[in-house]
Amino acid sequence: MTAQPGRQVANPTADAHYEHPHSRRGFFTDTSICIGCKACEVACKEWNRNPADGDYEILGSSYDNTGALGANTWRHVAFIEQDRERIEQARSSGRALVDLGMPGVGPPPARTGSARTAPSATASTGETGGAPSSEGTAPPDSPEFRWLMSSDVCKHCTNAGCLDVCPTGALFRTEYGTVVVQEDVCNGCGTCVAGCPFGVIERRTDGLVTTPPSRDLPASVKRPQTGIAQKCTLCYDRMKDDETPACAKTCPTTSIKYGRREEMLSTARERVAQLHEQGMTEARLYGANPDDGVGGTGSIFLLLDEPEVYGLPPDPRVPTADLPRMFKRAGLAMAGMVAATATAFALGGRR
Amino acid sequence: MTASEFDSYRPPEPPRRRRRDRDRRSKGGAGSWFKRGGDGAREMPVVPDAEVEPYTSYYGRPVVKAPPWKKEIALYLFLGGVAGGSALLALGGQVTDRTALRRNGRLAALGAAGAGSLALITDLGRPERFLNMLRTIKPTSPMSLGSWVLAAFSTCAGVAAAAEVDELTAERLPLGPLRAVLRTTAPVAGAGAGLLGAPLAGYTAVLLSDTAVPTWNAVREDLPFVFVSSASLAASGLAMITTPVAQAGPARALAVMGAVGELVAQNVMERRADHVAAEPLHQGRPGRMLSWSERLVVAGGLGTLLAGRRRWAAVLSGAALLTSSALTRFGVFYAGLESAKDPRYTVEPQRRRLEARRAAGQTGDSITTAG
Ligand code: SF4
Ligand code: SF4
């Protein structure tokens, strides 16, 4: 069971009292090299046999017609189109973050003087100052326009709101530190949907069609169930077989990386330092801080603008962090109700 | 952001506010929600103006998800309150020997708890698995604790009400030797239901507040007080309708106290909550429900106070109070659902508190880091 945020929890499986040690697993999604191909969305859907999300709709939001994460969409690629003004704003807000001296800042951005240099210039004139491996991964931006593409997923929080509020125990912490729904236990009460500060988990309501081919499948094959809460399992089934999750396996640019969380964290830190060196001060990490409102996330993201631009909350806080206080207030109110009733009987004596 | 002529085919973009762009902001004038709350009536954020981040979102899509709860849950919030309050009144009637008040309270407690449980179960995604609610006891889950409270309460209320029914039907229930058992356990069960009454009426406030739904979470300090007041006045209202005035004295007193309590608690709640996150409480249908609830509380409370000893006035006031309680619960419920649908209610308060912490020099707890 998870508790207060702000504690340094390296591995939440210790909290869940697992006796056999496994390292905590996680994603690192480096959005600076995402090309928006949506292969992860497709691979996820195929592997997990997730049904379609209703009828196909053109949403009018760049190339994103998926819309949001949901019961049947466990990876969602966001598309944001930005002009020069917005790029500069992102860069300065990122620089402000560096100036704040946030925790765990790796090597400081070496060339602050070149911060204004457009990244494309750095890329096209050939990497000289950057790390040797950065040549192939420099983002294809122009100073006038850029696309932000980011593959969103369940954060597998250290202190997971969904897990805390689930009354049936359907949501559980796996031995790998991830958060998974047990399909045969969940009764679809929907509390977890409200409990997630990232709007990830959802109750599946779509009518599931049984197509003739699926009717002939053997009983051992997993079939999507309706009425239950669903979200990314970080491919729990594959993980147990030492396989990479479907999305990370299929990602052609290695934008989605999977592995032990500490490794992901250090990769993320190296990458953000590298981008800062290239003058991309807009690069920042999301979910890497164990002292944030959810105790850090299992899925770490490298973002190139403020989180809300990608539809992520800027300061999420697991609601259960305030639960002791809420119980205290409710206890006081309940005592008041009893006292008022007692007084009423004292006042309303037979007249 | 037009880049080519084909961009004219695009649907209009939701207006995005630019960061640190003072020219534009001053032009932003009239439609600027940013300036709302600056009328002096409300507390303004302490953060200096330049630090306040404008609100951006991903195509105006919600950041958090509203729970899939329908009107059944709002109905349950109301019925749970009626049940809890009625059990408390019945316990009082039991202790002070007011037979009619005791009987009506016990029957109301069972009826409301039963109907409420049915409403809860029909709202589940998989109603046939409702017993899974009692699979664990989980202190971090208000829904789990609440299910246990409801189950225990219903059991107690059921025994107590069965004794009343048996008495009403002149011992015609086919109980046999169990009748003696029922007779002796009924007072204990009545006491049990009475003691669980307040938790049943109040836990739903924690259930709503312990979520990422902006409005419910923002009112977490005071919502329990609104809910228990609302429960007290609803149960008293029901008792005033069902019970002869001679025995309904305590119900009238409780109704007046509940009405005053609710008016105060609701006011404090709306004042203390984050002014942006509390906005849905004043807007649209939820806003109308809550303001009508306030009017009906005043009417019902005054009616009880001035003419409560007249039967017709007691019935009318009771009905007003019951309706007001239902409107309070539905209003708060739907305001929360609305707040989850608009990213502004999630992003703006979070941004503001983040900037306030940064301005105070507290930089170690942000989810966004430079490295
Ligand atoms: S992101 Fe939401 S669904 Fe995922 S673990 Fe955290 S609280 Fe649960
Ligand atoms: S919907 Fe399922 S997983 Fe979510 S809180 Fe309810 S029982 Fe738990």
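The backbone N, Cα and C atoms fix where each Cβ goes, and this holds for glycine too.
Unlike curated entries, TrEMBL annotations are predicted automatically.
Given the structure is predicted, the values throughout are model-derived calculations rather than measurements.
TrEMBL annotates A:Cys154, A:Cys157, A:Cys162 as [4Fe-4S] cluster 3-binding residues; of A:Cys186, A:Cys189, A:Cys196, the candidate listed for that same site is A:Cys196.
The [4Fe-4S] cluster 2 site recorded in TrEMBL comprises A:Cys232, A:Cys235, A:Cys247 together with one of A:Cys34, A:Cys37, A:Cys44, namely A:Cys44. Region 'Disordered' is the annotation TrEMBL gives to one range among A:1-22, A:45-66, A:287-308, and that range is A:1-22. Within the same chain, residues 1-5, 9, 12-13, 15-16, 18, 20, 22-27, 29, 31, 34-36, 40-41, 62, 69, 74-84, 87, 139, 182, 185-187, 189, 191-198, 200-201, 228-229, 231-232, 234, 236, 239, 247, 251, 255-256, 287, 290, 294-299, 301, 303-305, 309-312, 318-321, 323 sit at least 6 positions outside the domain '4Fe-4S ferredoxin-type' (A:145-176) and bring their C-beta atoms closer than 8 Å to a C-beta of that stretch. Other Cβ atoms within 10 Å of the Cβ of A:Cys37 ([4Fe-4S] cluster 1 binding site) number 16 in total over all chains. The two recorded residues A:Cys34 ([4Fe-4S] cluster 1 binding site) and A:Cys154 ([4Fe-4S] cluster 3 binding site) have their Cα atoms spaced 18 Å from each other. For chain B, the nearby binding-site residues by a Cβ gap under 8 A, listed in sequence order, are A:Cys166, A:Cys189, drawn from A:Cys157, A:Cys162, A:Cys166, A:Cys189, A:Cys251. In this structure, A:Cys154, A:Cys157 are the binding-site residues from A:Cys154, A:Cys157, A:Cys235, A:Cys247 whose C-beta falls under 6 Å of some atom of ligand 1. Apart from the site residues A:Cys44, A:Cys232, A:Cys235, A:Cys247, the chain places the Cβ of A:Cys40, A:Ala43, A:Trp47, A:Asn48, A:Trp74, A:Arg75, A:Val153, A:Thr233, A:Leu234, A:Pro245, A:Ala246, A:Ala248 no farther than 8 Å from the centroid of the site's Cβ atoms, the recorded [4Fe-4S] cluster 2 location. Across the residues of the domain '4Fe-4S ferredoxin-type' (A:145-176), the predicted structure has a mean pLDDT of 95. Of all Cβ atoms in the shown protein chains, 25 besides its own fall within 10 Å of the Cβ of A:Cys34 ([4Fe-4S] cluster 1 binding site).
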